[in-house]
Structures are given as C-alpha cells and as structure tokens.
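Following: one structure in structure tokens, then a few remarks.
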Amino acid sequence: MNNLTLSLHRERRLLVLLGLVCLALLAGALYLQYVKNEDPCPLCIIQRYFFVLIAVFAFIGAGMASGAGIAVIEALIVLSAAAGVGTAARHLYVQLNPGFSCGFDALQPVVDSLPPAHWLPGVFKVAGLCETVYPPIFGILLPGWALIAFALIVVPVAASLLRHRGRLR
C-alpha cells in the first residue's frame, strides 16, 4: 500500500467514527427528551438535523474510494457543522438573555412542517421553547455542549481538507 491509500483508509475510518459520534449525540438528545423530560425546541431540532446531516455525509464519505470524493464530502461536513455552530450559538444567546425569544411561533411551524418531523415525530417534532433553560451538564448548558461538538467537528475536518487539498486535482 502506498501513502495515499493508507491516508484514504485512515480518512474513511475517521469518517465512520465521526458518523457514530454524531449518532451518539443524537441518542443523548433523545435520552434527555424521553428520560429527563427535556422537551426539544425549534433550535434543538435544527441542531439535530445538522448532526444527522453530518452523520449521513460521514457515512457516505466512508464508502468513497476517491480522495476527491472524500474531499467534497468533507466540505459538506464542514458547511453543516459551521451551520450547527451558528444555530447552537444563537440558541445559547437566547438562553443567556432571559426574556428574549427564539421566535417559537415563527420557527415551530417551519420546523414541524419538514418531512422528517412527519416520518419520525418522536425525534424531529418541536415540543418546547428555546428560552427554557434545563440544568447544565458539568456547568455548561445544552446548546453550549452542541456548540462545542460542532466546533470540534469543524476544526479537524477543515484542517484535513486543507492538509489534503492536493486530492482535488
């Protein structure tokens, strides 16, 4: 095996790991929803969509054989995670500024009208308000943890893209 083959093999394994981590984060959100009775708000659901999108892209990328294909998938992962950073930051802002609303009435119908909300309402249906603050985990609010997770996805995947930018040729 040459270095490029080894690099692609390692990259694909890391993409599988990333997909599994995103699914584990979604499982954690469902645990909080159903066991701890912490209802998801519109911004929570949007963050779930981004974690699912990242997982889907990661699993697709793990099945690709070409470096250029993996690079395109990694770019989609970076875009999804960056959008997740923005959503989580907005959610954190809403929770840290009492009296400020996420626009529950405006966002809920939009989020609830998306097809996955009809296919899997237990996962993607809005049931709470964005300004509801649930007990922090290790001193960090839930949107803060989502922000950290999305940032920890953006940075290494973007670094991988930059490190392997020759694959696009």
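Heads up, the Cβ atoms here are built off N, Cα and C, so glycines get one too.
Per Swiss-Prot, these features apply:
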type: TOPO_DOM; residues: 1-14; note: topological domain 'Cytoplasmic'
type: TRANSMEM; residues: 15-31; note: transmembrane segment
type: TOPO_DOM; residues: 32-49; note: topological domain 'Periplasmic'
type: DISULFID; residues: Cys41-Cys44; note: disulfide bond
type: TRANSMEM; residues: 50-64; note: transmembrane segment
type: TOPO_DOM; residues: 65-71; note: topological domain 'Cytoplasmic'
type: TRANSMEM; residues: 72-89; note: transmembrane segment
type: TOPO_DOM; residues: 90-144; note: topological domain 'Periplasmic'
type: DISULFID; residues: Cys102-Cys130; note: disulfide bond
type: TRANSMEM; residues: 145-163; note: transmembrane segment
type: TOPO_DOM; residues: 164-169; note: topological domain 'Cytoplasmic'
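Note: the topological domain 'Cytoplasmic' (65-71) comprises 5 helix, 0 strand, 2 coil (DSSP; helix = H, G, I, strand = E, B). Under 8 Å from some Cβ of the transmembrane segment (15-31) lie the Cβ atoms of residues 40, 44, 48, 51-52, 54-56, 58-59, 61-62, 70, 73, 77, 122-123, 146, 149, 153, 157, all in the same chain and six or more residues away from its ends. Neighbour density for Cys130 (disulfide bond): within 10 A of its CB lie 24 other CB atoms from the protein chains shown. Sequence-remote contacts of a segment are chain residues at least 6 beyond its ends whose Cβ falls under 8 Å from one of its Cβ atoms, and for the transmembrane segment (72-89) they are 15, 18, 43, 46-47, 50-51, 53-54, 57-58, 60-61, 64, 143-144, 146-147, 149-151, 153-154, 157-158, 160-161. Residue counts for the topological domain 'Periplasmic' (90-144) under DSSP, split into helix (H, G, I), strand (E, B) and coil, are 28 helix, 2 strand, 25 coil. In sequence order, Ala29, His91, Gly128, Cys130, Leu142, Pro143 are the residues near Cys44 (disulfide bond), counting only same-chain partners six or more apart with C-beta under 8 A.
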